[in-house]
10 protein chains.
Amino acid sequence: MISNREEVTQLILSAKVRKGIKWGKVAELIGLSKEWTTAACLGQMTFDKEQAEKVGDLFELSDEATAWLQVAPYKGSLPTAVPTDPLLYRWYEIVNVYGSTIKELIHEEFGDGIMSAIDFSMDINREEDPKGDRVNVVLSGKFLPYKTY
Amino acid sequence: MISNREEVTQLILSAKVRKGIKWGKVAELIGLSKEWTTAACLGQMTFDKEQAEKVGDLFELSDEATAWLQVAPYKGSLPTAVPTDPLLYRWYEIVNVYGSTIKELIHEEFGDGIMSAIDFSMDINREEDPKGDRVNVVLSGKFLPYKTY
Amino acid sequence: MISNREEVTQLILSAKVRKGIKWGKVAELIGLSKEWTTAACLGQMTFDKEQAEKVGDLFELSDEATAWLQVAPYKGSLPTAVPTDPLLYRWYEIVNVYGSTIKELIHEEFGDGIMSAIDFSMDINREEDPKGDRVNVVLSGKFLPYKTY
Amino acid sequence: MISNREEVTQLILSAKVRKGIKWGKVAELIGLSKEWTTAACLGQMTFDKEQAEKVGDLFELSDEATAWLQVAPYKGSLPTAVPTDPLLYRWYEIVNVYGSTIKELIHEEFGDGIMSAIDFSMDINREEDPKGDRVNVVLSGKFLPYKTY
Amino acid sequence: MISNREEVTQLILSAKVRKGIKWGKVAELIGLSKEWTTAACLGQMTFDKEQAEKVGDLFELSDEATAWLQVAPYKGSLPTAVPTDPLLYRWYEIVNVYGSTIKELIHEEFGDGIMSAIDFSMDINREEDPKGDRVNVVLSGKFLPYKTY
Amino acid sequence: MISNREEVTQLILSAKVRKGIKWGKVAELIGLSKEWTTAACLGQMTFDKEQAEKVGDLFELSDEATAWLQVAPYKGSLPTAVPTDPLLYRWYEIVNVYGSTIKELIHEEFGDGIMSAIDFSMDINREEDPKGDRVNVVLSGKFLPYKTY
Amino acid sequence: MISNREEVTQLILSAKVRKGIKWGKVAELIGLSKEWTTAACLGQMTFDKEQAEKVGDLFELSDEATAWLQVAPYKGSLPTAVPTDPLLYRWYEIVNVYGSTIKELIHEEFGDGIMSAIDFSMDINREEDPKGDRVNVVLSGKFLPYKTY
Amino acid sequence: MISNREEVTQLILSAKVRKGIKWGKVAELIGLSKEWTTAACLGQMTFDKEQAEKVGDLFELSDEATAWLQVAPYKGSLPTAVPTDPLLYRWYEIVNVYGSTIKELIHEEFGDGIMSAIDFSMDINREEDPKGDRVNVVLSGKFLPYKTY
Amino acid sequence: MISNREEVTQLILSAKVRKGIKWGKVAELIGLSKEWTTAACLGQMTFDKEQAEKVGDLFELSDEATAWLQVAPYKGSLPTAVPTDPLLYRWYEIVNVYGSTIKELIHEEFGDGIMSAIDFSMDINREEDPKGDRVNVVLSGKFLPYKTY
Amino acid sequence: MISNREEVTQLILSAKVRKGIKWGKVAELIGLSKEWTTAACLGQMTFDKEQAEKVGDLFELSDEATAWLQVAPYKGSLPTAVPTDPLLYRWYEIVNVYGSTIKELIHEEFGDGIMSAIDFSMDINREEDPKGDRVNVVLSGKFLPYKTY
């Protein structure tokens, strides 16, 4: 019996290590970006039926687990409010250190409102650099203005 | 008497509203990106003497306040661990929802290590889009591998 | 010297009690809903120049305070993550008790996504009832689906 | 052995995915609103004997699980004080951003007191809109005044 | 300038110590229980105009402070979520230790619902006892059942 | 193997629902108040041997579980510092809203000290009322003065 | 204007450093132990009129401040739930590391109940030791048994 | 498989209740104080091989469990930062209320430094008293001065 | 099925106690420092294939567990934000007490930037001393300056 | 009036920036290490009379402020339990990531006990390195074993 999506994420992670599957391969299999696909496998996005079946086959999931892949999950992938993992903490630190800057510059350009985290995409790539390669990340989110009413 | 950098940030913000200064203009004045300049004005980066004097003149700061601009500040620009402001929360949410994805994909590409938040730059721009303009953000951080010893 | 919008909110609240102003009257003055107007006075929304001047006149604010009304504020109106005030706690309780229900029903109807809190309006009214009048609140938020990419 | 209502909620959720049951159907079965019914299935409300038996049959629960459906549960459906799930966070944000507004307007109309979260109902519907459909939610709670004594 | 009710509470407490006023006397003055009166003076209840003026006179408050006494306050009288003061902690401990008992017994007697903290009164008295006097407290709150809809 | 009292509480709660036992009946069985008896069953008080055996027989506990009933438990019956359950929250709210009042009035009557939560009893009853029945609770705790030394 | 006891504690500490007063001398002055006297000066105990006047004279307090010394204070002398100061942390650590031991041994000797922190005294002394002097602390608190009712 | 000391503590506690062993007896068995012995059994101190074997025999532990008794444990015996159990809370309260007093008096006598919680012993005894027996606790910790360098 | 690295850490710790393996021996086996090796065994660093196989053999891990040793782990080895274990707390205390000093001195020597915790090594040794041996720890981290852009 | 050491720290920091004083110079002035001297200036250590006077002269402190330098301060130099400043966070991260390793290795070498943070010294230096200079830190703390009693 499976009673939440988190258990399916555990099954996927376990199979991934056991079988040596790469996220890039999963993305190719379903024809979407590696970012969205990984997020979905990790229980942050919802697969449609066809995608779920491909993923279920790849990771050898039961029908029940495959059904859970099509249910909108309870999102949030960090075990604590402030992440302890150094890679993730650096991202939290960027928000913490540059947060007021981001707020000022978006408001200066767009006025009051937000950058959507729903109508949103992310692209993570290697940027070759002789002084040491860099991680290059492009975030694109629709600007949503607060409206008066 | 000024006893911390935070007080200077307050002076800058107050002068900015009173005099209607734009961050873009401050950046032009010191010849650096608007992102770094704004972060520095908001007490997250350190100005050198020449930059501090230009900024001090613009915001009509005292010599004492201008001296503080050259002191490495206690960083962190959010009043709470989880930000309450909707614009900033969306960034925190991106880290929360996509955190495990970011971790998996950077490790898949680069191995164990982090994306630096120190040897780091950020570029925020408007991306025109007929369905509504988007905020486009490019983050670039050097990959730092964990080494064995 | 005013260094944040919160100080202006304090000035408005002080003048409101001293002069006996009603929120409904402020809303009439600027021709918008009482909900948006009150939120803006309390430092959660941004006035444009004309609105700010009307509000500034009514509450007898200085030019500097009036300038701050036009700056996008750092939002969040509760002093603690879980509100201690009984009226506000009941709203937090509704989210806490009905939260999983709200999530299930919106996903059942719309699929994965959220109800926007930005493209959003709220209308609070008295609902007469012989067994005791009721507070009737209508919330309307655009549904924003997660997209694949 | 079942020792709390939460375990029964897990059984219901598991059966729901496995058998593809819709909340709307459960509501029809017991003749109440989809909001109350879903809340009750998720362990936030208490079924009477007849309702419990219908629900138990539908989800193929044991007699022991069905008995638990008739016990007043320990309520609260969020795993953390500030929800991490984006859909639920937007609701928390509404309380956070509009909280002081809600408090001011209810007191302006009704005087000191609260909007009940017990003598309360909620109605969630799709509001069609050419610019994108909206989630329309009506909350109705009895006003309870503080009394002097 | 007074910008919140809390400041008025400080003025009342200061005057009380300076002038040696007893809460019992304040209650007599306005003709209500000492419990409600003290709560109102401490910024947890709202005075009407006549009561506010009597209280204002007694504590020699300004007209502005007296006006604030008639505004519904942001309630909550403890500086931390778990009180550090031993007298108050014992009350928190009662809720903590006996909480599950209270919940079981009220539900056994009344079914699912709550004991109101709004339609509520409290009476604190000395109970003489040869083994040492006791504090006797009677709490009376209307039972509010959850309703189906 | 049972390694803490909490497990025995789970066994009791499970048996209670399965067998439909009322707390009032348990209290009658051991000849004490329903309040103390329930608290003891829920792992907040300690049974003596005779009481433990009666309770063990009623709930069909093993000898090991019955032995645990006679061990002073680690007390505290709430899963979080601020309870999420609405019935329990109302009690926490009473302490929060009326806390400063309770402190002032007990000190005004008794001087510095506390109301004991150990030499303490509680009595919960239905108070019939044509406007809706009320929960009537009497708390009685010995006053313990701070002594000089 | 003084609005809480904490401000008087600040006045006492300031005068103590300025005038080089020792706690032992204050204790002699009012004829009580140095432990109780220091706690009272630091706002944790309540002086009677005669004691307050002696203390007020010594620290050159105003009449208003002296009046506050006779008011039962809001107790709790640590700025955070877990103390950061190393001396105080060691005491917290003793409770943390030896807590379960203390609980087991007091219950083994006395049965269920507590060691009072109200009917309590403390005596702190130097214990000479050739391997380095020791701090010797004697705590004495009345045992208060839980009673059945 | 045992993977931490905590599991062994559970085994000891379970055997203790099942077999009715007293801590005083365990202390006699290994020839040390009841305080140290209990702390060690509860996973806060480390047994040497001989002690571990005696304890293992008494509680009928496996060889693996006995091996764990000789491993320095991760210490800390309270489930929450502020203990909910009334007996333990009173100790926390002593630190909270008397903390600033303890700090002042140790510094007045010894200068800057701490009372060691490592080179430390504790002795808990019954102090007979006609007004009710008392718990008498002697704490002895080496004073460790901060040194300049 | 293994679904996270933490489970493998548990397997290693269990085998270590059962078989009496020393960390120093593991370090010798893979030819790296005892500090890095221990951190890697405890799930904070990533082994390469050859190292993982040696470690897997030594601790008799399954192939699946050995595969997990080569996956970059979710780092962070403390169960709480402030460690309760006395040895670890002392390290946290050093950061807490000396934190502002460390920040001032590194900035005075190097300017604004950080000491890397990634390009970092640690060496822990016994420093013999007639007054009692000392723990000598050398930390070496690359200085990373903030750059302007 | 100065009522705590923190205010003196603010005075020192303000004078330091205004007058351009280096910590190294302060250390020379009083003839101790730069680490201890900085910690003492920042309110974490206690100066003796002679040191305090030299420091007071340098920073042009009043006699009252100079007197406070000789009072053992309430220690702890971080504003939050988890530091937000990137330089300090890296130190916290070292404790977090390497904490279990430090614990294992110190226990393996020394047995159960701690590394003292009181009988402790720290030495921070620049370590020249062609790949980028490094921060080299030596920590030396006396090992304090837990003793049986």
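Don't overthink the numbers, they just go from 1 along the chain as shown.
Even glycines carry a Cβ here, placed using N, Cα and C.
Note that this is a predicted model, so its numbers are computed, not measured.
Database features, via TrEMBL:
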ACT_SITE  E:ARG90  active site
ACT_SITE  E:GLU93  active site
ACT_SITE  E:SER116  active site
DOMAIN    E:77-149  domain 'Cyanate lyase C-terminal'
Neighbour tally for E:ARG90 (active site), based on other Cβ positions within 10 Å of its Cβ:
25
Between E:SER116 (active site) and E:GLU93 (active site), what is the CA-CA distance rounded to a whole number of Å?
20
At a 10 A cut-off on CB-CB distances, which of the active-site residues E:GLU93, E:SER116 has the highest count?
E:GLU93
Active-site residues near chain H, Cβ-Cβ under 8 Å, from E:ARG90, E:GLU93, E:SER116:
E:GLU93
Under DSSP, is E:ARG90 (active site) part of a helix or a strand, or is it coil?
helix
Give the mean pLDDT for the domain 'Cyanate lyase C-terminal' (E:77-149) on the 0 to 100 scale.
97
Let's see if you can do this one: DSSP helix, strand and coil counts over the domain 'Cyanate lyase C-terminal' (E:77-149), in that order.
25 helix, 27 strand, 21 coil
